[in-house]
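Here's what Swiss-Prot has on this protein:
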- 101-276: domain 'Integrase catalytic' (DOMAIN)
- 112, 177: Mg(2+) 1 binding site (BINDING)
- 401-410: compositional bias 'Low complexity' (COMPBIAS)
- 446-456: compositional bias 'Polar residues' (COMPBIAS)
- 479-494: compositional bias 'Basic and acidic residues' (COMPBIAS)
- 495-523: compositional bias 'Polar residues' (COMPBIAS)
- 542-552: compositional bias 'Polar residues' (COMPBIAS)
- 619-653: motif 'Bipartite nuclear localization signal' (MOTIF)
- 1051, 1093, 1126: Mg(2+) 3 binding site (BINDING)
């Protein structure tokens, strides 16, 4: 102790020698650092806590605890100790939060490579590379056979392209370790080229790469567990990794309460599509060695396929994996490979000598099941269907007789004998796999004889009124549901007939086009039937197979729903069809129309329905009804193009690039005159004088409105050129004959810095105007039309802008500063909208309807605003007059039409010529305007010739051959097409909704102005000229109606556009009055009529909801919303509560949304006969008789 004390003293004085003032104090109280250092020198142990505790408990004497100053002991550092006991830094909790907050989803990725796994076949991967998104925690795994640079580069290219295309995101940072596979020059250049920052871990700091390391460890734990549980061989290890990744991406995190898929905006995992890893299944062998070989191969389910809607299944007997949907789950506890003796699965050679006739083992209900499951079969079932099968002559005929009363589980001796010689039984087989599962049961529904077919053409589905099931006492159908495959893996016995209660309900699929009557089965019964799915055998048709026994396809509805349906359909302007006499179904090959060898690629880009004229004796559109000179019916693509699944390639057009550039430079149609044309060089003295008068009137109005600062003129050189706006006078003659002049700014060359790009100039939507007019007719409203003179000049301008003075001042070198929003400026429309909106709200007591700009209302008046035009609707004319008085206090307001007469009043509202008799009718047309404008288009009209009775002919196809014209001619023809289609579009969307299909189709060919396209456009203009007197007719709704009824009638023409696109159309009606329509090409490629119909309906729902809100705001009566379609399968899908996964995720999303709309927003969906579907005119060209029949009740 003395030695230690002496050493301590010497050490203390040595340590404090640089600080003489503290020597005396240290002698009284020892510094903790000195004490610790002394222990280090003597004992090489700096533990100050132990030293302090020892002094306190007197295990070390000479010093007391109070003799030492412990204040700086914690912060003391000993270099030798730090060197001797150096460790890695501790993990800082929450250290990655800054990355999560700084980056958007898919911008920061973690990656790591695992491997190699030894003793595997060459075909099996030895490595895998994983990626994890920092924000969403979504994970990806990719197999690798090696760690070469090109292999890693391929994976990086794949993942980056996937994220860019699927999530519209760009990866910014990728964190990885310092392995050579990541630090090589090839990958570094690739990342640098794509603007991605590589973030490497520091040396020997694997914990900094914890996200990727932990993921690999978790996936490997899952892999080992799955392989152990399933008993599958080790070379399937990556399949277990992929299965685990799918599951882990779908499980919610305890911290965020969401799964990685939810964070990424993806739908949740449909558990019904996921099977346990290693689940025993039987896979259909679509390519057997012979017709008598078994069709099933035992296998094990691994994971859902990445590249299809199928499942990856391992087939031990073939030593390979397959991607298929044709499998059946084996229900049993055994899941090991030793369950089957695959060596015993050999076939008796004697069976090859059997020559019995072979009949189809596939019945029509198997095809329906395939459609219902939303799967694609590897086998063409249609080729095995026989409409009139002969009586089977082989030994199996007795076993499948529909009149046999033997229970389904029993078989004849012959069938047993055949089954015993077919295959040697495995050593250990699931008890459910028996002859009753392999061979068809005796009581099977035979393939029905078609008694009636109603084809809807391309606008709907093919409806087969076919009894797919025999009478209840004679049929027992084994079905399988793909959605229930993973719900019950226990043994399940066969069910008996008395356990079921069949009710005919429509079952449909997203991808199919057939709507058939099949039994409704309970959930418990479905689980029992899962394992019994087996093909049916065609047999003789039942005796009573007539239309009288057919149960009609009808979704159950309540009495109130039926009343609602009757109420909705009663007011619609649907055609009256004469009763049809029953007709027999003709021989399918008797009345096939001839095929024209000169068929081209598209029918007017779609004019000429792909399915409308190829269906035999189509009730929807009969060839006998076609009064045109059409002699041929054709498909969308010609016969030679149908040899390939791919659409024909588009042909090149001469001068394509130059033509596109030329289109951009084409000037719009100019209907006005410049100053020199109207005044300076105008040789018409009378017209010149009128324009001069209009010129001075405009100048006086500008000065009156204090449009610019008249006190000071600015030198042009002193002003920033970008703030100088060119100006000009334009002159035109209005429809009423008056001559007008307008001083405008050249906003087309205005600099972007001189206006706020975020401001919007709003005008009333045409649907809002049509809705307001319809409500005015039903409620006996007065309609008052106003005009505000020089409306824009009432709005102040905030920016500093200058213009040249008008020509008559003769001050070309000077500038004047604007104070008002001159016509033509980019911001003028927005400034005026904000000005008048503020005045109507504050001074007139109005409020703007949310979501419908320029529609204002209060308790008495509704106002629709279109720039300087105002339309007022009110039950009390005095309320309109009160608004007018308030407006006149601030604005120069002209009353165009007060609307006080009880007789017919004529209006000219936004181009529509309206005839309105309050409480009776309203007629909307454009006869005067079309009579004036159409002759000016230089179209060879035939005013004295025979009038066209339809806007286009079915079967006329646009030839997409090369366009051999020069640049100047191309510009001229495109300019002409712009004029013609522009006017047609204006008229079509105003009120001629029956022309929208032709207008939309021809508009797609504006940049392809071939002679044929121009001729078809001329024909459309000629039809508009011949029918220019047609009007949209509205009649007042019944006064007893308590509700407003808003209906959308939808239709789709499947695949009648180039590249298999479909044409969709919708017509909107309010209280039986057509207020709008739309015809357009579907944005997605549909694979069936049902998908096309779903797409059409989904396009109508948003506008239907918006219109519903507007109507409720303008009129307080309750509203009923309805959707009408001629596709029963679509209605079945929308009304179904089945949660099965759809074959296509895009249409699945649309269908699920429609279900939500129907169930949550009081939206009624009803069926309408195809012959009464007036939306048919929106999707395809129709024969004259059909076109007239569908349109004569609402436009004539």
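One is the number of the first residue shown, and numbering goes on along the chain from there.
Here the Cβ of each residue, glycine as well, is placed from N, Cα and C on the backbone.
Since we're looking at a predicted model, the values are computed, not measured.
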Other C-beta atoms that fall within 10 angstroms of the C-beta of residue 177 (Mg(2+) 1 binding site): 19
Cβ-based isolation winner (fewest other Cβ atoms within 10 Å) among the binding-site residues 112, 1093, 1126: 112
Nearest of the binding-site residues (1051, 1093, 1126) to residue 177 (Mg(2+) 1 binding site) - Cα to Cα: 1093
Taken over the motif 'Bipartite nuclear localization signal' (619-653), the model's mean pLDDT: 39
Whole-number Å value for how far residue 112 (Mg(2+) 1 binding site) lies from residue 1093 (Mg(2+) 3 binding site) (Cα to Cα): 46
Between residue 1051 (Mg(2+) 3 binding site) and residue 112 (Mg(2+) 1 binding site): CA-CA distance (Å): 52
Number of Cβ atoms other than its own within 10 Å, given for residue 1051 (Mg(2+) 3 binding site): 32
Residue 112 (Mg(2+) 1 binding site): secondary structure state under DSSP, collapsed to three categories: strand
